[in-house]
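**Q** As annotated in TrEMBL:
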type: DOMAIN; residues: 25-299; note: domain 'Sugar phosphate transporter'
type: TRANSMEM; residues: 43-68; note: transmembrane segment
type: TRANSMEM; residues: 80-98; note: transmembrane segment
type: TRANSMEM; residues: 158-178; note: transmembrane segment
type: TRANSMEM; residues: 190-209; note: transmembrane segment
type: TRANSMEM; residues: 221-243; note: transmembrane segment
type: TRANSMEM; residues: 255-276; note: transmembrane segment
type: TRANSMEM; residues: 282-301; note: transmembrane segment
Amino acid sequence: MAAENERKSSAVSDMGAWAMNVISSVGIIMANKQLMSSSGFAFSFATTLTGFHFALTALVGLVSNATGFSASKHVPMWELIWFSIVANVSIAAMNFSLMLNSVGFYQISKLSMIPVVCVMEWILHSKRYSKEVKVSVVVVVVGVGICTVTDVKVNAKGFVCACVAIFSSSLQQILIGSLQKKYSIGSFELLSKTAPIQALSLLVVGPFVDYLLSGKFIMNYNMSSGCFLFILLSCALAVFCNISQYLCIGRFSAVSFQVIGHMKTVCILTLGWVLFDSAMTFKNVAGMIVAIVGMVIYSWAMELEKQSNLAAKALNSVKHSLTEEEFELLKEGVETTQSKDVEHGHAKA
């Protein structure tokens, strides 16, 4: 009974982490749209704005450690600097990719992160994926591709930036999970250590990167009170977005974060249609439906994989107390039961 309650509590907290990530991510995109669009405040300094995001996140982490809400664990400085470099390269490369390529190719590059993360986890951590997981990933990629990819234009510089962005973003998400496991550190504790380094570097380099992107220097921007309030809103949402990203990757994996994270794309398209009168075509709706089906298949495949892992652990725990003949008989019985459950479309807990 206690184990069952603990599992339900874990499932609720997992859903809470995903909900926080989806809501904060969608919220920050809506806030930044008003902040950066020509019809809004025309604050076209995306890299510097990201520096502001991490500065507030670092401040929240500092206050949390000072008040004892969270504990500071040791992580070697060179690992923190290496992670921050990878993360900052990801941010800058994504911005350059969006500037140099069409929106369609930018969306394709984001979608390609899912198979890239899978391959990198296989290379770095020898992780293997079941046939069901592979199928669900393909369905999600196809669905999101149908509803987001339109014009596809690319040039040599844009292609290089997109490749750098894909590689660095994938590596960053894998590093979040591996650092948490390697040093037994919580997601918020890790974020509070990396955020100050990222904030400092982005605030120093960001204005020059933004000048290359927009041809404008932030010091020449005429700040209004409305713009300042939206920057604060964007930063506050970014704190929740950063925390939930580290939570989700720490609890699940970089691949799961990528797959379920595309639910945000569906939410953004729907909100754009409801709030901003964006065009919603049959192609958009069909792509959303395919993407949602892929996400459902992925959730089922991961649950199936989890049950298989639990069964394997149970077999390993009793293996040492049984004779070889008894163990083989038990193993055959478990495999037979699982195959029957799969035929009926479910697996027993």
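Cβ atoms here come from the backbone N, Cα and C positions, even for glycine.
Because the structure is a prediction, the values reported are computed rather than measured.
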**Q** Any chance you could find the range in 158-178, 190-209, 282-301 with the most Cβ pairs under 8 Å to the transmembrane segment (221-243)?
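**A** Selected stretch: 190-209, with the most Cβ pairs under 8 Å.
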**Q** Hey, would you say the transmembrane segment (80-98) packs against the transmembrane segment (190-209), going by three or more CB pairs under 8 A that are 6+ residues apart?
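**A** In contact, yes.
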**Q** Could you check whether the transmembrane segment (43-68) packs against the transmembrane segment (190-209) - three or more CB pairs closer than 8 Å, residues at least 6 apart in sequence?
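**A** As far as Cβ distances go (cut-off 8 Å, pairs 6 or more apart), the transmembrane segment (43-68) and the transmembrane segment (190-209) touch.
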**Q** What same-chain residues lie close to the transmembrane segment (158-178): Cβ under 8 Å, and 6 or more beyond its ends?
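**A** Contacts with the transmembrane segment (158-178): 83, 86-87, 89-90, 93-94, 96-97, 100-101, 105-106, 109, 112-113, 116-117, 120-121, 124-125, 187, 190, 245-246, 249-250, 253-254, 257-258.
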**Q** Under 8 Å between C-beta atoms and at least six residues away from its ends: which parts of the chain pack against the transmembrane segment (190-209)?
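**A** That would be 45, 47-48, 50-52, 54-55, 57-58, 60-62, 64-65, 70, 72, 75, 80-81, 83-84, 87-88, 91-92, 95, 176, 179-180, 183, 217-219, 242-243, 246, 250.
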